[in-house]
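In TrEMBL this protein carries:
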DOMAIN    11-430  domain 'Major facilitator superfamily (MFS) profile'
TRANSMEM  21-42  transmembrane segment
TRANSMEM  48-71  transmembrane segment
TRANSMEM  83-101  transmembrane segment
TRANSMEM  107-137  transmembrane segment
TRANSMEM  158-179  transmembrane segment
TRANSMEM  191-208  transmembrane segment
TRANSMEM  243-265  transmembrane segment
TRANSMEM  277-302  transmembrane segment
TRANSMEM  314-335  transmembrane segment
TRANSMEM  341-366  transmembrane segment
TRANSMEM  378-399  transmembrane segment
TRANSMEM  405-425  transmembrane segment
Amino acid sequence: MIVNKKQMRRAQIGAGVGNFMEWYDFGIYGYLAVTITAVFTHGMDESVGLLVTLAGFAVSFVVRPLGGMILGPLGDKVGRQKILFLTISMMAIATALIGLLPTSHTIGLWALIPLYLLKMVQGFSTGGEFSGVATYVSEFSSDKKRGLSTSFLNSQSMIGFAAGAGTVAITTAVTTSIWGENAMLDGGWRIPFLIAIPLGAVVIWFRTRTPETPAFEEELEDHIRHPEGSLFRRYGVLGILRNYWPAVLIGGSLTAADSSISYILTSYMPAYLETEVGVSTMGAAVATVPILILVAVGIPFMARLSDKIGRRPVYGIGITSSLLLMIPAFAVVHIGTEWSVYLAMFMIAIPATCFLALTASALPALFPTASRYGGMGITHNVALSAFGGTAPFFSQFLLNLTGNAYAPAFYVMFFSLVAIVALFFMKESAGRPLLGSVPVVETREEAERLAREQHHDEKVDTSTMPIFVVDGKR
């Protein structure tokens, strides 16, 4: 199959803007955590209130696996594009509605109920979002450049998070200069959420213009039937767990390492800088934005490196740097100066960049086309919800429990150790066709060369491809 570059660009844009929207919400919620604590938990002890606010992340991640389990297999049946339109619509509406909620000053702690309900809607929709866009773009990408092509998803995620942080910083600066120091508490916090209304409209428009993937359409063709093998059958949740449990464990372990460090960097560090280091809300946002931009720029470079040397070596770089840099990073940040904050954030960003560069290319390669969306939906969301989305909550809980300022570092390092085991069992997927799909190339010349050399190319395994069988012969 030869890549349609025009469709590929539309697919990347349509998928990427949705990722931007998702992480924009995480950005504003994370950077407004202290403000939201004051607004929605008025009367509580400050440390308990912060835990309650961070539990908003945890609540959304409780239902995220449910979204993956329902929307993923559904996407394998009705198509990737239809489900991705649904997920981003739910996300945009829920984000905007948060900006319209009454606060605890109006209805007391009852205000937490609609907040948590909307976070649950976001979590459910997100359960089908990243697994869907990763599946979607990976199926459009050529085998040799799949790492680079899919890496822009997480780059746009970081840009979305930076946009959320930047929006909080700008809103804080403007509102406080006009209405005084309490402007954000008095209603300024609503502005970043309400921006989701025009932003969501743009994202939804892009999603209406994205095509279905050629791999999915090919898999739907009536003449492609392989009753003799499970690789080409669609499965629900139980079928995926029963037939692809090794892939689920490998992908889940790598996702735990990936998501724990990325959520510490993006969602927890702003609150940590405020409460443990003494940085202002605006200072925490300003400090993180350039780091996230560096991560966004670095992701495609590490992804391209993985296309050349393999996914496994780049994962190895990420794991090693995580084990070596996390404790020094948290030691440096407590020096308390501006340069130490930036240096510490940069140190955490190095392993995060390596992991984020690979997520959208390595995980879809673990599952065949017929069950890829469902497999991704279960694997990525369960691990991310259990170990990544709860990272801010458990890091703060462990810090409160032990009084050890290095608790977040130990949390991340534990999952990096688990990832070493997964990496040992993971097969290399760089430069190879996706399971259940034919090779995807960029030019006709490359296709002709592949046809001539396929019998001698160790990266081409026709037993995993949807090739029509006649009288037992391919």
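Residue positions begin at 1 at the first shown residue.
Note that Cβ sites are derived from N, Cα and C of the backbone, with glycine treated the same way.
Recorded stretches compared: 21-42, 83-101, 243-265; the one with the most Cβ pairs under 8 Å to the transmembrane segment (191-208) is 83-101. Remote same-chain partners of the transmembrane segment (314-335), defined as residues 6 or more beyond its termini with a Cβ less than 8 Å from a stretch Cβ, comprise 254, 257, 261, 273, 276-277, 302, 305-306, 341, 343-345, 347-348, 350-355, 357-358, 362, 405-406, 408-410, 412-413, 416-417, 419-420, 423, 426. Listed stretches 48-71, 107-137, 158-179, 243-265, 378-399 were compared with the transmembrane segment (277-302); the greatest number of C-beta pairs under 8 angstroms is found for 158-179.
Per-residue pLDDT, averaged over the domain 'Major facilitator superfamily (MFS) profile' (11-430), rounds to 87.
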